[in-house]
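Annotated features in TrEMBL:
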COMPBIAS  1-19  compositional bias 'Gly residues'
REGION    1-69  region 'Disordered'
TRANSMEM  113-135  transmembrane segment
DOMAIN    115-604  domain 'K+ potassium transporter integral membrane'
TRANSMEM  150-167  transmembrane segment
TRANSMEM  241-262  transmembrane segment
TRANSMEM  282-299  transmembrane segment
TRANSMEM  306-327  transmembrane segment
TRANSMEM  356-375  transmembrane segment
TRANSMEM  387-407  transmembrane segment
TRANSMEM  427-446  transmembrane segment
TRANSMEM  483-502  transmembrane segment
TRANSMEM  508-530  transmembrane segment
TRANSMEM  537-558  transmembrane segment
TRANSMEM  564-582  transmembrane segment
REGION    752-772  region 'Disordered'
Amino acid sequence: METQSGGSGSASGGGGGGRMRLRKTESAEMRWVVSGGAYEEDEIESSDGGGGTPAAASGSRGGCSDSDDNYEEAEMLRQRLVRTGPRADSLDVEAQDVAGMNRHQEITVGRSIVLAVQTLGVVFGDVGTSPLYAFDVMFNKYPITSKEDVLGALSLVIYTLILIPLLKYTLIALWGNDDGEGGTFALYSLICRNARVSLLPNQLRSDTRISSFQLQVPSVELERSLKIKERLETSSMLKKLLLMLVLFGTSMVIADGVVTPAMSVMSAVNGLKVGISSVNEGEVVMITVAVLIVLFTLQRFGSSKVALAVGPALFIWFCCLAGIGIYNMKTYGSAVLQAFNPMYIYYYFERNPTQAWMSLGGCLLCATGSEAMFADLCYFSVKSVQLTFVFLVLPCLLLGYLGQAAFLMENLTENQQVFFLSIPNQAFWPVVFIAILAAIIASRTMTTAIFSTIKQATALGCFPRLKIIHTSRSFMGQIYIPMMNWFLLVSCLAFVTMFGSINEIGNAYGIAELGVMMMTTVLVTIIMLLIWQINIIVVLCFLTLSLGLELIFFSSVLGSVADGSWVLLVFAAVLYLIMYIWNYGTKLKYETEVKQKLSMDLLMELGCNLGTVRVPGIGLLYNELARGVPGIFGQFLATMPAIHSMIIFVCIKWVPVPVVPQNERFLFRRVCPKSYHMFRCIARYGYKDIRKEDYISFQQLLIESLEKFMRREAQERSLESDQYDGTDSEEEVASASSRALVGPNGSINSLGVPPAEAAGTTEHPTIGSSMSFDGSLDEAIDGRGSLDDELSFIHKAKESGVVYLLGHGDIRARKESFFVKKLVINYFYAFLRRNCRRGIAALSIPPSRMMQVAMQYMV
């Protein structure tokens with residue numbers, strides 16, 4: 001399809017005629033590409049860069065006028081609303097190698113049944129064990145005085161289950177997943193992918209051409225999302241505020257993972273006190289500690305194996321809840337069904353406003369595990385989680401609470417250990433055994449959620465790197481983090497021995513849950529406005545209902561901070577500071593490396609030998625820069641007597657997508673002319689990807705991708721030569737040279753000139769940036785036969801050996817810096833960096849193949 005549109009000027013300052021072409025690709029994204037003036041545009045050098053928005057593109061494209069004014073006006077309106085792709089360069093060419101891929105695993109009926117069983121063991125264990133303690137905590141501080149109090153409390157529980165786990169999470173939040181990933185950082189990653197709000201300035205425009213990026217095209221009716229996007233991208237304060245909210249939510253998730261095992265296991269073990277009168281509180285604590293140690297020891301076997309084994313056990317638990325509830329309603333009466341009338345909530349608050357308000361903290365515990373249902377989504381499919389909750393979990397929970405309330409209405413003084421007291425005598429010990437087993441399963445719920453969250457946070461530069469073990473061959477999201485597992489165990493044991501009572505732990509539990517819930521509400525609201533583009537009235541209704549309800553609950557649990565909940569807040573604050581300091585130091589280090597990278601003028605002055613001796617071999621220099629030559633390379637040139645004949649600057653880059661397909665892993669571009677034999681390689685990984693390849697497999701994939709890049713480059717130069725040989729006029733040459741590629745993915749669709757030509761003819765060597773190609777058109781034509789020579793050069797260099805050049809860049813605060821900055825950078829961040837896992841460790845490179853140089857930056 002071909003259209004024409006009017007425009008004035010171009011980014012290069014030259015007007016003139018040109019043609020605009022729009023082509024659809026298999027991706028959902030479309031791009032306008034306008035010819036009529038070449039211009040140079042950096043992919044990114046600052047965190048507040050353009051980002052390909054219509055606002056950024058306005059006025060930067062040239063075109064010719066159209067005779068039809070109405071058509072021109074309509075096309076200009078569409079151009080303002082459709083994302084405009086950047087000029088294609090060598091990185092973009094490589095990024096378009098693979099068309100849109102089907103990244104989702106096909107879920108069969110049998111697989112869905114297996115996943116449904118596994119979800120019980122991983123996702124719903126926490127919310128499934130809430131009947132063990134919800135009524136106990138609700139009536140802890142104030143005794144029950146009438147049956148109406150029971151109905152009011154039951155009505156609170158019923159509608160809390162409906163509004164939070166069912167409405168907010170199952171029906172709304174689960175759809176906010178990032179390609180199957182759930183949790184706080186998955187939401188943040190989804191926002192970062194659609195608006196450039198990340199504080200780490202390493203984004204590349206070519207990242208948007210990954211087939212898993214899936215950007216949407218805004219519509220004319222919902223221009224509001226563009227304004228929100230522009231506001232988020234241009235306001236550094238909003239970016240920092242968004243990151244702070246995400247880090248706060250993540251710290252509360254980890255705190256929740258500490259309290260969940262303590263609360264679940266201790267509440268189940270408390271059943272022994274009902275069956276055996278001689279068991280005291282101290283013995284309950286000791287048994288709880290022993291169970292927790294066994295629990296965290298078994299965690300290393302992975303979610304898939306453990307969940308499939310314990311899933312049937314939790315299914316029996318839910319059946320017990322439903323069966324006991326039905327038995328109690330038959331035994332004590334079905335008057336509790338009146339609690340479905342929400343007016344009983346009003347009556348409850350009218351009679352005893354203080355008691356009702358204080359009981360809200362305990363009422364919230366019936367919805368614990370709602371966040372785990374979302375955070376653990378990476379382990380399973382959305383459909384399996386939704387179906388299991390709606391048709392099994394929720395009905396069993398409601399029946400369980402109805403049965404306990406029926407028992408309480410006839411036994412008003414028995415307001416502690418309500419669940420165990422309501423069990424029929426004949427089934428008491430089997431149910432106690434199943435309850436303890438279910439509590440053990442529930443304790444794993446937030447632990448698995450934390451593993452997923454930490455993996456996402458690490459990939460986005462917000463948490464120190466830790467060793468991650470992949471535990472399933474079928475689902476790549478199922479992971480195990482040993483360091484975090486033992487840290488959670490120690491913290492959990494400390495909480496159990498410090499509090500020693502489910503009532504005190506329950507108060508801390510509510511604070512952790514609400515902190516996570518409120519952050520999820522804010523992030524889902526942003527996604528509704530920015531990505532889903534839902535009507536503003538619907539968004540306001542969701543925000544008002546969810547956040548308003550959570551703030552009411554939060555006001556209740558804050559009243560019990562003095563009872564010991566402050567310990568959990570201090571714990572979460574320490575975790576928050578660790579993540580913030582790591583992100584701050586990482587960002588400062590990257591910005592400093594960008595400022596101190598080597599200029600191309602210096603490399604050109606040194607010549608192709610780089611002022612030293614070039615010896616056969618390939619040197620892979622690892623660095624974190626996505627653009628430019630890192631300053632650490634100058635340190636290598638200064639300290640080493642010789643340098644390898646081929647140098648590849650390798651950047652391991654995490655992009656805000658769950659998975660990067662293997663065929664789209666590597667991007668290449670040349671650095672300096674061909675005679676230098678220097679390249680830049682960006683190895684891209686999604687936050688769900690696991691780097692399992694060893695160094696031999698990695699370098700093999702890298703070299704194969706480099707050869708592929710060279711072949712493509714040679715093919716483009718050949719096409720470029722043919723294009724110029726066939727032109728009859730200077731005007732035709734100028735028009736052809738300004739055309740660019742359309743389509744973010746898929747096969748390369750030429751518009752008359754190969755896309756790399758735009759990069760090759762418009763990008764010149766500048767200080768701090770690299771060149772896509774090294775010569776003019778004449779050199780390209782003369783060099784058509786040089787492909788075999790270059791491939792032969794690579795093979796000989798590879799035979800001579802591949803050496804990994806590792807540069808350790810540390811940062812130190814300047815002497816004139818503030819005391820707080822010195823403390824944070826020189827001590828806290830330095831300590832975290834020394835003790836975290838190095839990014840190159842995943843390749844297991846032998847020391848004989850490594851050369852290391854240290855460099856210190858003053859910030």
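We number each residue from 1, going along the chain as drawn.
Quick reminder: no glycine exception, Cβ is built from N, Cα and C everywhere.
All annotation found in TrEMBL is predicted automatically rather than curated by experts.
Same-chain residues lying 6+ beyond the ends of the transmembrane segment (356-375) with a Cβ under 8 Å from its Cβ atoms: 123-128, 130-131, 133-142, 152-153, 156-157, 160-161, 164-165, 168-170, 173-174, 177, 182-184, 253, 256, 260, 263, 348-349, 385, 389, 397, 401, 442, 445-446, 448-449, 452-453, 506-507, 509-510, 513-514, 516-517, 520, 552-553, 555-557, 559-560. The transmembrane segment (387-407) is in contact with the transmembrane segment (150-167), judged by 3+ CB-CB distances under 8 Å for residue pairs 6 or more apart in sequence. Sequence-distant contacts of the transmembrane segment (564-582) (same chain, six or more residues past either end, CB-CB distance under 8 Å): 244, 247-248, 250-252, 254-255, 258-259, 457, 461-464, 491, 495, 498-499, 504, 507-508, 511-512, 515, 557, 824, 828-829, 832. If you count C-beta pairs under 8 angstroms between the transmembrane segment (241-262) and each of 150-167, 427-446, 483-502, 537-558, the highest count goes to 483-502. Between the transmembrane segment (537-558) and the stretches 150-167, 282-299, 427-446, 483-502, it is 150-167 that has the most C-beta pairs under 8 angstroms. The transmembrane segment (282-299) and the transmembrane segment (427-446) are in contact, since at least 3 Cβ pairs between them lie under 8 Å (pairs 6 or more apart in sequence).
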